[in-house]
Amino acid sequence: MDLAAARQRVEELRRLIEEHNYRYYVLDQPSISDREYDALMQELIALEEAYPELRTPDSPSQRVGGAPREEFNQVRHPQVLLSLNDAFNEGDLLEFDRRVRDLAGRPVEYVIEAKIDGLAVALTYRDGLFTLGATRGDGQVGEEVTANLKTIPALPLRLRRPLPFLVVRGEVYMPKVAFTALNAAREEAGEPLFANPRNAAAGSLRQLDPKITASRSLSLFVYQVISLTGAEVATQAGALDFLAELGFPVNPYRVVAPDIQAVLEEVKAWTPERRASLPYEIDGLVIKVNDLALHSVLGATAKAPRWAMAYKFPAEQATARVEGIILRVGRTGVLTPTAVLTPVRLAGTTVSRATLHNEDYIREKDIRIGDTVIVQKAGDIIPEVVAVIPERRTGSEEVFTMPERCPACGAAVVRPPGEAAHRCTGGLACPAQVLEGIIHFASRGAMDIQGLGPAIVAQLLEAGLIHDAADLYYLKEEDLLKLERFGQQSASNLLAAIAASKKQPLERLIFALGIRNVGQRAARVLADHFGSLDKLAAATVEELTALPDIGPRIAENIREFFGEPRNRAVLEKLKKAGVRLEALNAAAPAGPLTGKVFVLTGTLPGMTRQEAEELITRAGGKVSSSVSRKTDYVVAGEKPGSKLDRARELGVPVINADGLRQLLRQ
């Protein structure tokens, strides 16, 4: 393919991918499968790698990339991003309406919108291209998070209609499903949990490494035009329609209310059940004057506009009695305590269980069996015990202690130093760990075996048809037909999905194995470096820790995993079953920087961080986020950070952008 043909195909692929992004994330009407979408993206990436001159900042391939940053730059907003005054009851809303009508001198129409519980951001577009994204901060100054925002698939990198200049305001949020999955993964790893989706969204967007942000499944709703050149909007309802036409994700809930009485009726219609049914968290409603011309008439205080008010939902809490505390054993052996409660209605559902996270949480709140406690849904999702009512105690309450033996297999339970979690040491001899491990192996982010959910895995284990993940590849149709709810078609579909998973990339297999602390990013690093499972299994701790982002703890976990005879037996069965154990690019040619580890710091003249990282990796080098004795070069640009000081302390060679170019030419 020559350059002209490549350019034409790249433009076509970009148009197709952005159209599918719009249909999926904005319209919620996907028209192709995930596999078809991935094929388009991989073709685009391959063409841009073959023809680097065709790569542009607004290409869909550029959503994820760039080296980790040392700190965020401060950005002054061109217009102050005010917060909102809160209303907690009908009287507050009536008083708001009275003030608005007094200042306006006439009846006023309102728009009611959902108050998304996330992190406010300002997005700037020039000539239709996304050029700058910043957090709200204190309203006047925020943090520049452009690279991180680009990783959110719902955010358009190019508007569907080019405008000279546009600044909009939106809310980055984490869907409930993503929040539950993130906390489950953190709990398994013994890491602190996020209290609610809002904290998770804020913490994920403010990661110095955009790749971590990309892994957190963030989404976005845009709800306000701050500054606009090249078009006009007259009402807030019209502004929302205008934003949707430009390709922004706009929340589907919107009600135009002719007066405050209609607003009050709509507020009453928001039952706990309705709120709980949403796939994302809202903590209230926002009532805005619809006529934008009135906004300047009404003005603002130093803190908030006079033309809007946030109605906050009352907290959803209930009291319940702790009937008992049970333990769930996860795939890595983490024991998670759960309170068994007297059933109570909360946020539209009946709650009879609540997470207690770990022993430290139980001790901190002094939760005992028999206590009367206050329960709430953290982010309307996970019920948790937030407080004990000590005056309800009778003296018969029991203090809970973590067991010395695993309730599932009887193996010893230990609490590793520096971790909040207690772990079962039974490994693959523990049936609970085997169950959770196979569920993880088949999950979407791992081997992606469609149709193999937790219930079917449990069924297969109970029937003795499988004992580990590798046994899945030896199942026969007659085995499945013996099970309940399995017919000819469902058995055939599952076996086809299992067979298809044999061709998954090596990085997915490494992640699927469930090695402690080896997430998707670490799995990718390991697959890229070693190229095969056999080479990874033979790697020493020293070889592993020489890799970017593989620390001593992960290295020890990898060695421990491959040193376990049961795990080696599983790997042998996978190999015999025909599961791909090698990377497709295992024989990639060496380059001038092969084996060299680089760290980037400061602003590099003539190239972006992302471009520098790509040049290094294409030449066979590795880019790390931190300086160590294993770092070969630190590439320092303007205004370098603490990494330069660390390099000097360790005697690591420091070069500039020209020095990097010279190495690349060797």
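Numbers run from 1 along the shown chain.
Note: Cβ is positioned from N, Cα and C throughout, glycine not excepted.
As annotated by Swiss-Prot, NAD(+) binding site applies to D34, R35, E36, Y37, D38, S83, L84, E113, R136, E171, K288, K312. Around D38 (NAD(+) binding site), there are no C-beta neighbours below 8 angstroms that are at least 6 residues distant in the chain. In the three-state DSSP classification, D38 (NAD(+) binding site) falls within a helix.
For K115 (active site, N6-AMP-lysine intermediate), the Cβ neighbour count at a 10 Å cut-off comes to 22, with all displayed protein chains included. Look at Swiss-Prot and you will find K115 tagged as active site, N6-AMP-lysine intermediate, backed by sequence analysis.
When secondary structure is read from DSSP and collapsed to three states, C409 (Zn(2+) binding site) falls in the coil class. Within 10 Å of the Cβ of C409 (Zn(2+) binding site) there are 19 other Cβ atoms, across all protein chains. According to Swiss-Prot, the feature Zn(2+) binding site maps to C406, C409, C424, C430.
For 588-666, the entry in Swiss-Prot reads domain 'BRCT', with the evidence type sequence analysis.
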Check: So of all those recorded positions, K115, C424, C430, which one's Cα sits nearest to K288 (NAD(+) binding site)?
Finding: K115
Checklist line | Additional residues surrounding Zn(2+), by Cβ distance to the C406, C409, C424, C430 centre under 8 Å | finding: V329, G333, P407, A408, G410, A411, V413, T425, G426, A429, P431, A432, Q433
Notebook entry, point to check: So among the binding-site residues L84, C424, C430, who's got the most Cβ atoms within 10 Å?
Noted result: C424
Notebook entry, point to check: Looking at the binding-site residues E36, L84, R136, which has the shortest Cα distance to C430 (Zn(2+) binding site)?
Noted result: E36
Item checked: Chain-internal residues near C406 (Zn(2+) binding site), provided their CB is under 8 angstroms and they sit 6+ positions away -> V329, G333, L335, A412, V413, C424, T425, G426, C430, A432
Next item on the list: With H, G and I counted as helix, E and B as strand and the rest as coil, say where DSSP puts L84 (NAD(+) binding site).
Entry: coil
